[in-house]
Amino acid sequence: MKRLANLPPRTKRILFSVLLAFLLVFPFLDTGQANIDIAANCAAYAALALGLNIVVGFTGLLDLGYAAFFAIGAYAYGILNSYQLHPAWSNGWAPLAAIGFVAKLGAGAAATVHFTFPFWVMLPVSAVIAAGFGVAFGAPTLRLKGDYLAIVTLGFGEIVPIVVRNWSSLTNGAEGLNGVAPPSVFGHSFGIDSTPYYYVGLGIVLLLLFISQRLKPSRIGRAWMAIREDEIAAGAMGIHTTRLKLLAFAMGAGFAGLTGTFYIAKLQTATPDMFDLPVSIMVLVMIVLGGLGSVWGAIIGAVLLQLLQAWFLPELSAMVQALGNAVHSPFLSNLELTSASELIFGIILVTMMLYRRDGIVPASRNEVRLSFAQQDAAVSRGSLPAVERLSRASAQAAAAGAPAALAVRDLTVKFGGLTALKSVSLDVPAGGIVAVIGPNGSGKSTLFNSITGLVTPSGGSIDFAGHELIGQRPDQILRYGVARTFQNIRLFPNLTVMENVLIGQHTHLKAGPAGIVLGLGGVRAEEREAREFVLELLAMFGNRLIPRIDQGVAQLSYANRRRVEIARALATRPRLLMLDEPTAGMNPAESLELAEQIAGFRDLGLTVLLVEHKLDVVTRLADNVIVLDYGEKLAEGPADVVRRDEAVIEAYIGRGAVNA
Amino acid sequence: MTGSAIFLQQIINGVSLGAVYALLALGFTLVYGILELINFAHFSVFMVGAFVALVVLEAFGLQGQSVVMHGAPLVLVLLVALVVTMVASGALGVAIERYTLRPMRNVKGPMAMITTIGVSYILFNLVLLATNAQAINFPDPMPQASYHVGGVVIRLKEILIWIVSAVLMIGLNLFVKRTKLGKAMRAVAQDAEAARMMGVDVDNVVMIAFFAGSALAGAAGMIFGLYYNFAQYSIGYTAGLRAFTAAVLGGIGNVPGAMLGGIVIGLIETLGSQYIAARWADVIIFSILIGTLVFRPAGLLGMLAPNRS
């Protein structure tokens, strides 16, 4: 199956066409109504799985109350196209009656309203209603950490069926809605024939498949995956994580709502237990089986599990029971394997997690193998002027706003009883390179985290180009033009070099969900340009990264990962670039090469603040060096002056090093 | 019964129920404190514990409510059943950790949580199939003695539940606070890496946490069975979710918080059922869960969980 995902696009298209042709003629193969009905149910669950895949697979948010949105979509249609509600007729209903959304029952004062909202109208409306509930449930909870979110969604997943059970006047309680009208086309009702439902289901799956496929490699899909891979790094790259999580949640809910309407129209009844926790778990099992984040995996997982329940287990039970009757074994003749389906779900979950976490159709591509020529090639040096866009961007920003100077005043950070930074002040002039050095634990990374909004200081101020940074979200700070790398490298490990650097451009791209799904020209041009910019940026490192552009970053060497992280930070078109130990893990030659490149950033108009341990790199680069020790500023000045400072030698450099 | 007597009676019922939730909540809190993992398998360990106790009590020849014992034999039988149940549940917890969760220890994202859901589902459905989804009558050898205090009835059973729960909770608290292993546990909860460097066997600590939490869940299962006189495959889910709410309400990772949260949730359940409506009790409890997470994620007594970024 993994190989299937790596077939050339042409072969994939042919396979897809053959599959589609088969699915289109399937009802005419005369395999019986029951099989068509099973296929229609497969479609419903595939649609559900595609929605949950956006939430869990793309964005990494475990949603255990997904069936609630299925229920909301189902009841929205069920209530608005059945005899459940029958308010007294008044002339206010006349406009709705005129377009066929309601009908008048009876006459005179006893007349009541009969809701007949058409199925085709309710499909999108239910999606919107469910998405609205998704936003309402998600807005207060999505800023919670991932594991808490799971439990909150579980709570909502419980509350919705309870409300449905208890609010009898609206939902007919535990008995369920009856007499939900089937859809009709030009006055021909679908009735109970499975074939039309099959085609509608197929259409829904194709639509949702198309939407998923379009979103995945887009600005939005990448942001979702960035959140999944590393939420803190995603925020630091300018992604408004709460908003994007909400979008994923709402979109998944919308898919479920739409499917709910389809499902209920097909069944023509709805009871609360159709939407309890086991349904949410079943859909989760489907996408785990198929492969989290894999669009085709979601569909295949859904179809397999539906076939397991609706066809394989009953057939197997019948066979075992026949065998039991033949050998006169009461145990075998009474064995009902269908009741073991949930046990099988549990086994699937555990087995997949332990042995095949990527599912049967893994979402991530195979690694691109480097040719011998590429592996053997002498390392070439790139050139900075190639990054023309970058200098243009920084020139524009400089012309537009205040100079890109950073001023930190009396910054104090406390973690419980520990004071990590104590009244530290420092300046980074626009266009300057300032280095912060100091022993481990002296507060260098805390300083970086305070500037980029990951840590909330307890006092002081941080001003960048006229903006106060304290109290701002990391993504807002990035928008002001402050980008950073992390000491322990926070790339998005399961994404490629290209995708990682593209995510850096998140704030500079504008594509919205509608534009992406419709494939508007502007969106495509923007995407093309973004990819070109990635190539330009990577060319800065010569042939070190370009041949590996489609490799997962987890496969790269440590030094190359540092380079990707720097490229990703540059892709945000920053005015202030903050590098946390950029040369860590590089050999002396590589370190000096990078130092030259950093010096080149200044020529592009960037301001640089770096934490660095290698004093030769610091001496070479920095106009000014700030020494931190125990959270306090110990010394400040040009590198050669600081190097001779008695206190600095004592605290950091060590006497032996100087004497030697 | 007068209004105030009803109120007091519900308080007593609530505390008994809350003791069960508190014992169960401790397991969530211990594991979350160390691994930052919501262990859904805990739900089913509780349920399996109830069945283990049922089997042990029946092995003593106790069927339903027919046999009533007194004095030393009663205490002995209950004690043996409790110990066997706790050891068996603890072993189940350790096995779950060792074979399904340890391989997932360093996997990011919701993977480990999904695994615990799978484990929980497996246990749940095994018991469902084995019992034909029926509720099973739970042996109750205790004499139906009760004490009338100011119009309120306190049953012997309740007193026993309070004593056992209190002993177990105090024992756990002492274990975490006073023993070397307990100290290692707190160290791992703060920073597993640093603890490892200081010579703490992290795997061992995780195992102990699973054993202790699961053993308490087993005890809670037995108490549940004795209190309600039945055991069923589905008891783990409802009780588990409420106990989790209790752990969150008290401040997840916080041992006294779990106890406090358990009692509070028990009281809310009984008082809510009395004065609002039983059918809305779950809505109230889940609203508390969501409300706590949204407005006061640290819970009543503050969260004590590893601070990983």
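Quick reminder: no glycine exception, Cβ is built from N, Cα and C everywhere.
Annotations in TrEMBL come from automatic prediction, not curation.
Copied over from TrEMBL, here are the features:
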TRANSMEM  B:6-33  transmembrane segment
TRANSMEM  B:40-62  transmembrane segment
TRANSMEM  B:74-96  transmembrane segment
TRANSMEM  B:117-139  transmembrane segment
TRANSMEM  B:159-176  transmembrane segment
TRANSMEM  B:205-228  transmembrane segment
TRANSMEM  B:248-268  transmembrane segment
TRANSMEM  B:280-305  transmembrane segment
Task: Tell me, please, if the transmembrane segment (B:74-96) and the transmembrane segment (B:248-268) are in contact, taking contact as 3+ Cβ pairs under 8 Å between residues separated by 6 or more positions?
output: no
Sequence-distant residues near the transmembrane segment (B:40-62) by C-beta distance (under 8 Å, 6 or more away from its ends) are 24, 27-28, 31, 77, 80-82, 84-86, 88-89, 92-93, 96, 100, 113, 116-117, 119-120, 122-124, 127, 131, 136, 138-141, 213-214, 217-222, 224-226, 231-237, 239-241, 243
Sequence-distant contacts of the transmembrane segment (B:6-33), meaning Cβ under 8 Å and at least 6 residues beyond its ends, amount to 39, 42, 45-46, 93, 150-154, 158, 161-162, 165-166, 168-169, 172, 185, 189, 209-210, 212-214, 216-217, 219-220, 223-224, 227, 239-240, 242-244, 246-247, 250, 252-255, 257-271, 274, 304-306
Top stretch by Cβ pairs under 8 Å to the transmembrane segment (B:159-176) (candidates B:117-139, B:205-228, B:248-268) is B:205-228
